[in-house]
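Enquirer: Here's a structure for you.
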Amino acid sequence: MSTLDRKLSRDLWRMKGQAAAIAVVMALGVMMQVMMAGLVVTLDETRRGYYERYRFAEVFAPVTRAPSHVLHQVAGLPGVARAEGRISGAARIELSDRAVPVAAQALSLPDHAEPALNAIRLQQGRLFDPGAPEEVVLLDTFAAAHGLRPGDALQVVMNGARRSLRITGLARSPEFLYAAAPGEMVPDDARYAVLWMSQTSLSASFDMKGAYSEFLVTLTRGTDPRGVIEALDHLLKPWGGSGAYDREDQFSHRFVSEEINGLRDTAAAIPPVFLGIAAFLLNIVIARMVQAEREEIGLLKAFGYRGSEIGGHYLKLVLAIAVAGALLGALLGILSGRAMVQLYLHFYKFPFLVFRLDPGALALGLVVSVLAAAAGGAVVLRQIFALHPAEAMRPPAPADYRRAGRWAGALKALDQPTRMVLRRFTRTPFRMLGAVVGITFGMGLSVGMLTIHAGFNQAVALSFDVLDRSEATVSFTHAVSQKTLLELARHPGVLRVEGARSVPVVLRNGRRTHRGAITGLPPDPELLRALTPDYIPIALDGPGLVLSTALARKLKAQAGDVLTVEVREGAQPALRLPVTGVSETVLGAPAYMALEALDRALFEPGRISSAALRLDPAQAEAVQVWLRDQPVVAGVSLKSEARDAFERVMNQGTGATRFIMAAVAFTITFGIIYNAARIALAERAHDLASLRVIGFSKGEAAYVLLGELGLVTLLALPCGAFLGWGIAHMLAAAYSSDLYTITVVFRPAAFGFAALVVISGAVLSGLLVKRDVDRADLVAALKTRD
Amino acid sequence: MPQQPPIYRVEGLTRVYGEGASAVHALRGVDLELPPGEITVLLGPSGSGKSTLLNILGGLDRPSAGRAWFRGEELTAMSDRALTRYRRDNLGFVFQFYNLMPSLTAEENVELVTEIARNPMDPAEALALVGLDTRKDHFPSQLSGGEQQRVAIARAVAKRPDVLLCDEPTGALDSATGREVLGVLQHLNRSLGSTVMIVTHAAATAEMADRVIRFTDGAIRSVEHNDAPRAAAEIEW
Ligand SMILES: Nc1ncnc2c1ncn2[C@@H]1O[C@H](COP(=O)(O)OP(=O)(O)OP(=O)(O)O)[C@@H](O)[C@H]1O
Ligand SMILES: [Mg+2]
């Protein structure tokens, strides 16, 4: 080891506290990058592999009833690679441990062959025996939520008839990576099930002998799905085809894509902020660190060391810190990525999910850290090289007092240590500015994270206490007469009933399309409401649409635009409807319309498909039991359960990254402040020792240093508050997706708490540094010039 | 004795710090020629510009005006890179303020220089010359001022330089150690023919010099030749 390298290792050891703080800040920036990018790759690749392995269809074509020979025609369409037919129907599972029935989807699999498309992955048990019609394979996550196992019995209502089935196996499928009860957006394992049964068995239940109710298709390479969809729609029209759609509109795929895209957006927007801030700090800190080495650099030059040798030496120092930070960050990123993957497994029913490193992200993190660090060092080295060695070896020229002179009068009133604190600001304004900017970033990150937390909580409250004030929603098996409402209203324990009609549609505004639903609401609703962003109810009347903010954004539509609406139900009319307003929403991207106008447009007056209820808490249980036995009831969803599910998805799904980010933000904040304090100490160690020598007490000496830190912190707080408000908006945009919209809400508490974080960081750093001031060996400090 | 070409030649060397009313004239037009292989002692009151001259001759600083040559090559026209080369290959320094690396031990401080020298001594040997071979593993903060000074001298002589520029090498030393240190410089001068330049306040040092230059107020007041320099050990303090 050369002498310079030995110096390097000792210098590193000497500044270990500071080096560690820098490395950690860098590490956290890299960690975010590695974690987020890795999650995107992991989800994306795992999904692709899963789809391929289990032959997930690319186009789905539901029909009312098509004879099985149509499958050959479907398979023969140009561009179709493989085709499969199946029976699909709604079912209700009745469980002894629940008053409310569980909505389920029943799907057929071929009796004797592997399905050509949409195969399932058996997790436990075996497939049904096609000769035993009561055998069923159940979605494993639902089974787990209720403790069901192969061999257990299951009471199921299909097509109005109750059947007693026996579970033979538990499975999952790429079709149900994301599965939510009908009409809901947020998954809840306990409240949604999928049943796979033999063709023979299911056709008996749904009157589908020799027929299919859905066709699945994959495409040959390079085929545009739109052509195939058109051909399918044409082919299946006589069989009640309700419109073929491609994967992008398949419920599960769409949400997983949303998640991946959201994550990709977040990964593109947020880690760079952290990484950027970390790089900026690294740059400043390294610059100041090298600045402090000025005399040693001058000495090395005096001995005849070349610029490249000295530069190499400091580069090594900087690289040691940056690379250590980046590697630590990669490690943390992988660990937190693995933890996040476990969370994702709760929401996305992948058979397995192994966190993958995105080598690009890792490389980027490394390169950014190293470049930022090297740049910080290089700028200062150049400045120092520009000096003559004789000058560099002298301590920096005494600071210019002339500028301080102007303030001298005002300063006279203050005691000497306070004057020393204030003079630092007038004498070395750029250094102080650097420190203020650093802490501003810390404060900004904290404010941003806390405000976003408030936004998430607000989203829950807004969605479940303001927009939707019902306690339960009953969905019907088909559009029923409004008279059903009267029946519901008459039942004891039901305090209020409001019907709604939900119709599947494709909305088009120019080239932008959205596949979703229009919800018809009664006049002056009290339970489910459309509200303006200021929470004023929007009156729905006439044939106009009120779009949710998310939908308006997606379609780039505003009040006054006229949308093309293709109804995917009944007679499937195509309508032209004007947009009359935009409403605040949290969950999904709904569109509202007056119920009456909607029914009229469909030529089905007086029909509803669901009802919102307010219940007497004392009789809620009884009402649920009663509802379970009503044949027209497809399912009941309880608000409390939906709320729990939503909170779960926000706290454990993508939203969970915000906890990691908050932790990272706080740590970075502390790292920044601690660094600022350490640097101040390094720059003033000599002064402080001199002060102590001429008789100042430890407290007074520390005050000179801590006063500076305190003042810097105070200046940074308001700047950071503003920055944080901006960061919060950026985070909100990154977190919002088709699934939920996060809005920024002003919460003074978020600012207060962030300030508290910053101030405690400052106090803690101050205490750590003060310890060093107190311990300072005066003799040693004065003897060597370092 | 044939006239040897000078190792240093200086013409009209001027160095001004600052500008305007507050300008300090550290050197005011110095002319000088130094033959190789001599010991030169530079005497003069504090602030008279001795260190400034030494720094310019050592390529650590540049004059405001005037020129300087080393073995016929113009120092004042050299690039920074060439000056670095010059210092690395030819010079040994002893600085007025020791300037040791605090994070390196005595021996390592010497190694810092021997590692890039062409024909260096063993660092331990150099430390032995200044009587510090037993303290080689101590850090500067563990050494007294005089001991630090001696490490700085060991560091300067260890590379067996052509030229030794010493700024107050004995400033912090007692007379016995001071004599020893000067003896080391003289030994280097006699055995290797190194040119030695010593800035000092101790007028007695002049007794060992071949040439004594007296400085006042940035200019040379007198240059004396000493035909019979005494051995360092014989100097009376
Ligand atoms: N960087 C500088 N800026 C301004 N003035 C300087 C600077 N360096 C030296 N001086 C001034 O130049 C003059 C000569 O300084 P120099 O260090 O050469 O003196 P010296 O003869 O070595 O004195 P001493 O015996 O005290 O070391 C002094 O008046 C000094 O104050
Ligand atoms: Mg001097």
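Don't overthink the numbers, they just go from 1 along the chain as shown.
Backbone N, Cα and C atoms are what each Cβ position is placed from, and that goes for glycine too.
In case it's useful when we look at the structure, here is the feature table from TrEMBL:
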type	residues	note
DOMAIN	A:24-234	domain 'MacB-like periplasmic core'
DOMAIN	A:273-388	domain 'ABC3 transporter permease C-terminal'
DOMAIN	A:435-625	domain 'MacB-like periplasmic core'
DOMAIN	A:660-768	domain 'ABC3 transporter permease C-terminal'
TRANSMEM	A:269-290	transmembrane segment
TRANSMEM	A:317-341	transmembrane segment
TRANSMEM	A:361-385	transmembrane segment
TRANSMEM	A:432-456	transmembrane segment
TRANSMEM	A:659-681	transmembrane segment
TRANSMEM	A:702-728	transmembrane segment
TRANSMEM	A:748-769	transmembrane segment
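Set these features in their place in the structure for me.
Expert: For the domain 'MacB-like periplasmic core' (A:24-234), the model's average pLDDT works out to 90.
Taking Cβ pairs closer than 8 Å, the transmembrane segment (A:361-385) reaches residues 26, 29-30, 33-34, 36-38, 267, 271, 275, 278-280, 282-288, 290-291, 294, 297-298, 301, 307, 310-311, 314-315, 317-319, 321-323, 325-326, 329-330, 333, 392 in its own chain, all 6 or more past its ends.
Counting residues 6+ beyond its ends, the transmembrane segment (A:432-456) has Cβ neighbours under 8 Å at 273-274, 277, 280-281, 284, 288, 424-425, 650, 655, 658, 661-662, 665-666, 668-670, 672-673, 675-676, 679-680, 708, 712-713, 715-717, 719-728, 730-732, 735, 742-747, 749-751, 753-755, 757-758, 761-762 in the same chain.
Counting same-chain residues at least six beyond the ends of the transmembrane segment (A:702-728), those with a Cβ under 8 angstroms from any Cβ of the stretch are 273, 417-418, 420-422, 424-425, 432, 435-448, 450-452, 455, 673, 676-677, 680-681, 684, 687-688, 691, 744, 751, 754-755, 758-759, 762, 765-766, 769-770, 773-774.
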Enquirer: For the transmembrane segment (A:269-290), what are the same-chain contacts with Cβ under 8 Å, counting residues 6+ beyond its ends?
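Expert: Distant contacts of the transmembrane segment (A:269-290): 15, 18, 22, 25-26, 28-30, 32-33, 35-37, 297, 314, 318, 321-322, 325, 361, 365, 368-369, 371-373, 375-377, 379-381, 384, 431, 434, 437-438, 441, 445, 661, 664, 668, 671-672, 675, 679, 682-683, 727, 730-731, 733-734.
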Enquirer: Run through the domain 'ABC3 transporter permease C-terminal' (A:273-388) and tell me, per DSSP, how many residues are helix, strand and coil.
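Expert: Split by secondary structure, the domain 'ABC3 transporter permease C-terminal' (A:273-388) comes out as 98 helix, 0 strand, 18 coil.
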